[in-house]
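Notes follow the structure.
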Amino acid sequence: MNGNRFGRLFQVTTYGESHGEAMGVTVSGVPAGVELDEEAIQAQLDRRKPGQSMITTSRGEPDEVVVNSGVQDGYTTGTPIGMVIQNKDARSGKYEPYVTAPRPSHGDYTYSAKFGTRNWGGGGRSSARETVNWVAAGAVAEQVLDASEYDVEIKAHVNQIGDVEADDVSFEQILDHSEENDVRCADPEAAAEMQELIERYQEAGDSIGGSIYFECRGVPRGLGAPRFDGFPSRLGQAMFSIPATTGVEFGLGKDAVNVTGSERNEDWTFDDGESFDHVESEEGDPVPVGNDHGGLQGGITTGEPIYGEATWHAPTSIPKKQRSADWETGEEKDVQVVGRHDPVLPPRAVPVVEAMLYCTVLDFMLLAGRINPDRVDGNPGQYDTDYHPSSPDND
């Protein structure tokens, strides 16, 4: 099975199945000399882990990460970083009825049709359990960016569940308030309505979809390339790798269908040194007046905030009775998915979205030479045996 790696220079390779022994990720392309805080990695995993509230699955996974390579005395060595998260609360027995009778709208049949076999416990490789690897990788990417000269900030929050929409909020409000409720919505009134809606579907044995707003600040201009290597092209690929993603938008997104060219096109002016939020822009530089394009023009970053929205359909594992076709017996039959599952995805997907953004931004920064891919201090290829911060001579 291919398709388990993402990135060009900052490469993330994952493995593991939902009910296997462990989940794991190998991160290559991390420069040497980054002080890696393993507690910060764990903190991000804790934001994603199951069982954290009444509106998440009750599966009791501690999601404790073990970093087993690529780090010495707390600093990265430039070699691949390996991280492992053990699965400690898998219960595969409840999935035996679906071995030959695929659950509706899952990957059960398609995996079996393609490979002739599959790990059926908990959905195996197709499970959203796999996103724990991406969050670990994203936490590493965040720390590499923090160690650079660039002040990159990335944040997301749930802006819609079902028909309940949050009011538009500022980036600062998302930073300050998105973690204050179980839904991870920075609008407290909307969050309360969302929670009530989720619980109503949950009690009915059903599920509901939603969306997440994301924003990146401090990303310099000039990242990305035309066509297939454009910044939105690669970020879109990363977002669509998150299970159940049905749409990714940038800037005005789908609302652009109702906007004329003359309304959407943004005039250019000169930076006056006070009015614009553009990375690296100096007084007198040309800058676009607005940012309806979401910080992206021609597939390349403009230096303005990058923002957009990603959408998820309702979780497909629900206890409501549904119909399936058993390919072994040749009969149709009722199935009920009685395992432990989330009634909604966006609240736990927020750290996954942020992780995908961090991984993508760092990869582009390395590709553009904005960050030295060899080491956080010094020139690429510079030879210095005393460089590494853990060297005894640097005490």
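Any Cβ shown, glycine's included, is placed from N, Cα and C.
The C-beta environment of Arg48 (NADP(+) binding site), restricted to residues of the same chain at least 6 apart in sequence and closer than 8 Å, consists of Asp63, Thr131, Val132, Val135, Arg348, Pro351, Val352. Per Swiss-Prot, the feature NADP(+) binding site maps to Arg48; the stated evidence is sequence analysis.
According to DSSP, Pro315 (FMN binding site) sits in a coil region rather than a helix or strand. Summarising the annotation, Swiss-Prot assigns FMN binding site to Arg125, Ser126, Ser127, Gly298, His313, Ala314, Pro315, Thr316, Ser317, Arg340.
Secondary structure by DSSP for the region 'Disordered' (264-292): 1 helix, 6 strand, 22 coil. According to Swiss-Prot, the feature region 'Disordered' maps to 264-292 (among others).
The region 'Disordered' annotation in Swiss-Prot covers 373-395 (among others).
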Among His313, Pro315, Ser317, the one of these binding-site residues whose Cβ has the fewest neighbouring Cβ atoms within 10 Å: His313
Conformational class of Arg48 (NADP(+) binding site) under the three-state DSSP mapping: helix
Intrachain C-beta neighbours of Ser127 (FMN binding site), sequence separation six or more, cut-off 8 angstroms: Glu17, Ser18, Pro243
